[in-house]
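Visitor: Got these off TrEMBL a minute ago, pasting:
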- 1-26: signal peptide (SIGNAL)
- 78-158: domain 'Cadherin' (DOMAIN)
- 159-267: domain 'Cadherin' (DOMAIN)
- 268-382: domain 'Cadherin' (DOMAIN)
- 383-487: domain 'Cadherin' (DOMAIN)
- 487-604: domain 'Cadherin' (DOMAIN)
- 614-635: transmembrane segment (TRANSMEM)
- 687-706: region 'Disordered' (REGION)
- 688-700: compositional bias 'Gly residues' (COMPBIAS)
Amino acid sequence: MAKGLQGFLWTMLLLFCALQELGSWAMHTAVEGPGLGQPGDPALLAGGRVKRGWVWNQFFVVEEYTGTEPLYVGKIHSDSDEGDGSIKYTISGEGAGTIFLIDEITGDIHATERLDREQKTFYTLRAQARDRQTDQLLEPESEFIIKVQDINDSEPRFLEGPYIGSVAELSPIGTSVMQVMASDADDPTYGSSARVVYSVLEGEQHFTVDSKTGVIRTAVADLDRETQDRYEVVIRATDMAGQLGGLSGSTTVTIVVTDVNDNPPRFPQKMYQFSIVETAPVGTAIGRVKAEDSDVGENTDMTYQVKDEEGVEMFKVTTDSNTQEAVITVQKPLDYESKKVHTVVVEALNKFVDPRFVDLGTFRDQTIVRVSVLDVDEPPEFRPPSNLMEVQEDAHVGSVVGVVTALDPDTANHPVRYAIDRSTDAERIFDIDAQTGAIVTGKVLDRETAGWHNITVLAMEADNHSQVSRASLRIRILDVNDNPPELATPYEAAVCEDAKPGQLIQTISVVDRDEPQSGHHFYFTLAPEATNNHHFSLLDIQDNTAAVHTQRVGFNRQEQDVYLLPILVVDSGPPALSSTGTLTIRVCGCDSNGAIQSCNSTAYVVSATLSPGALIALLVCVLILVVLVLLILTLKRHHKSHLTSEDDEDMRDNVIKYNDEGGGEQDTEAYDMSALRSLYDFSEIKGGDGGGGPGEGGPGRNPASELHALPQWVQSPDLDFSVFRDYICRKVEQADEDLSVPPYDSFQTYAFEGSDSPVPSLSSINTWSSSSEQDFSYLGGWGPRFRQLAALYAGRRGEEDSEES
């Protein structure tokens with residue numbers, strides 16, 4: 001049937017084109033080329049009339065031609081064509097020679113390819129008529145258009161899919177859900193090929209669609225998300241305005257039903273049971289219950305509350321925002337002995353109620369929660385919970401301060417034993433009777449030392465000491481009058497020598513460590529030993545103070561410079577206690593204004609006349625002087641020790657050191673030989689060895705004789721050099737152990753010869769042999785620098801030889 005319908009359509013189109021072509025023969029069109037109307041043109045007539053040039057019909061070609069022969073498009077013709085074949089027709093432009101072919105003799109144009117209007121709607125070409133012999137243009141070239149005529153070959157398409165819409169549940173009929181649109185590629189200006197209408201293929205029971213706009217609407221008012229939350233609706237779009245033969249396309253639209261708060265919360269159970277021990281602290285969670293709600297999102301948010309009075313007092317209900325559960329917690333301490341079971345009514349209600357659905361019913365529900373209290377072995381409880389006791393400070397040891405009572409709250413009512421936490425009464429001032437709970441004093445009390453005592457009393461079951469209760473007890477020590485009043489300070493007063501009778505010298509006040517409830521009241525009088533006093537009087541001012549006045553005219557420091565006035569102070573008791581204090585009165589010299597100038601007590605004058613700033617300045621000066629004295633002493637001691645060390649060094653190491661070469665023994669000014677003789681008395685040694693001749697010390701001797709006259713060192717058996725030997729050894733050890741000393745050579749000269757030396761002495765002074773036993777002839781081979789020394793010793797050897805001869 002589809003093929004027959006398609007053939008019918010092609011027949012109608014061809015008939016339409018043929019009728020159109022026949023009409024074009026009766027209506028010729030003159031087309032002017034580019035050269036028409038210009039002077040000299042042979043086509044321009046004398047009368048100004050334009051000669052007709054091109055004649056052809058209006059060209060159209062049907063798209064999607066499926067015939068086997070080329071499709072005839074039209075014919076071009078020139079009025080100068082006499083039909084003898086002398087004119088050749090040609091075309092150029094879009095598709096010329098490929099898509100469109102022309103008969104050169106007749107001017108017929110055919111389409112050789114299948115055209116698609118949706119790809120290209122028209123083609124622009126140019127036509128020429130030439131003389132076949134000369135190939136000259138007979139008519140100006142002219143442009144024409146071949147239009148592709150549309151047929152209904154494109155079905156409507158939904159280009160914006162997939163489509164997803166939403167609508168609230170229980171929406172009224174006709175509620176707009178969404179809009180869908182289909183597009184048709186056919187020519188909307190030609191026929192009804194692009195005219196689209198919409199319809200519902202699937203889902204028409206719940207939704208409708210507007211045939212012209214494509215708007216989808218609800219068809220029922222009882223859409224229930226809890227029943228079905230999603231619908232798949234198939235929408236069809238048909239062109240040709242839905243007429244027979246129109247093409248169509250379809251799409252699937254997903255419609256989601258959104259939730260509204262149309263369902264109240266419901267508890268799955270009408271009763272819940274929980275249990276908890278009676279010792280559970282306040283705030284302990286007992287259990288959780290939850291009401292179910294078929295809605296979703298915020299429509300399921302709910303709150304819980306306790307409805308009965310008993311439950312409100314004992315329990316508290318909160319809402320867990322994450323799980324929407326009711327959390328039941330303890331609000332007051334539980335007691336199994338008082339009540340074993342508690343009944344609580346819990347109500348759940350939605351937070352957000354939609355007023356549109358109030359008529360559906362109340363959006364709340366209730367359930368009963370039974371809480372069973374479990375019995376546990378509890379520690380004793382103190383009754384009554386008073387924590388204050390009082391006792392007189394003069395109470396005897398063992399006196400009862402008070403009694404504490406504790407009872408076992410359990411049904412068994414076990415006996416209770418008492419004790420004191422010794423960490424709060426380390427001095428064991430109080431004791432407690434383990435059975436009766438009577439607290440007694442364990443030591444003598446003194447309110448002035450400690451007026452309050454804080455102790456902790458323990459109560460425990462007699463057969464289970466792990467069940468312990470604690471109670472803090474404050475014991476106040478009540479005051480008794482056991483401390484006499486005393487003068488506030490050791491009073492000292494001063495009186496001028498020219499004082500007049502009745503002059504105020506000092507105001508006396510007292511202190512008392514006791515604290516009577518009625519307050520202090522003191523009485524002042526002179527002590528009995530001062531009854532014969534005619535110098536001063538005491539006046540009780542009746543405000544716990546007294547005033548001392550003079551009774552005579554003038555005082556004399558030379559006769560008596562200090563007066564001691566005993567004062568008796570008595571408190572109000574009971575019992576009344578008293579004490580005697582002494583007021584020291586000094587006689588001082590005063591100026592005309594009564595200002596004290598000097599007293600016999602220097603300290604008193606200083607303290608009375610110098611300001612604190614002056615005292616500080618004086619102390620600073622004294623401190624500076626002490627520092628200077630210590631510094632001077634330190635410097636002197638250091639200088640003395642330095643001099644002592646230098647003297648010791650001079651005594652022990654007598655070294656003469658010089659770097660120039662003298663002129664021999666004739667040069668008496670180069671060095672002083674007395675320095676070598678300063679340590680020992682060489683005269684005795686010289687006289688003892690008999691080495692020198694008579695007259696050696698004469699001033700007329702020559703240098704050679706002076707050199708010969710030097711005493712020769714001979715070790716005496718009576719001399720003790722252990723001191724020097726110890727000193728040298730100690731110096732050597734110090735030099736060896738001191739790593740900071742540079743490695744330089746040191747040459748020391750000492751005034752004695754060591755014993756058992758394997759090397760004989762090289763000194764001309766310290767030698768066992770006499771000068772005659774020595775041969776100095778080898779000095780002549782030491783060079784020019786020792787020439788003078790060789791001459792001296794050579795001359796001296798000659799003298800010695802002559803003397804011996």
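In case you wondered, yes, glycine gets a Cβ from its N, Cα and C as well.
Just so you know, TrEMBL annotations never went through curation; they're auto-generated.
Could you place these features in context, so I can see how deep they sit and what lies close by?
Guide: The helix, strand and coil residue counts that DSSP assigns across the domain 'Cadherin' (78-158) are 0 helix, 40 strand, 41 coil.
As a summary of secondary structure, the domain 'Cadherin' (159-267) carries 3 helix, 45 strand, 61 coil according to DSSP.
Restricting the average to the domain 'Cadherin' (383-487) gives a pLDDT of 91.
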Visitor: In the domain 'Cadherin' (383-487), how many residues does DSSP call helix, how many strand, and how many coil?
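Guide: Here the numbers are 0 helix, 50 strand, 55 coil.
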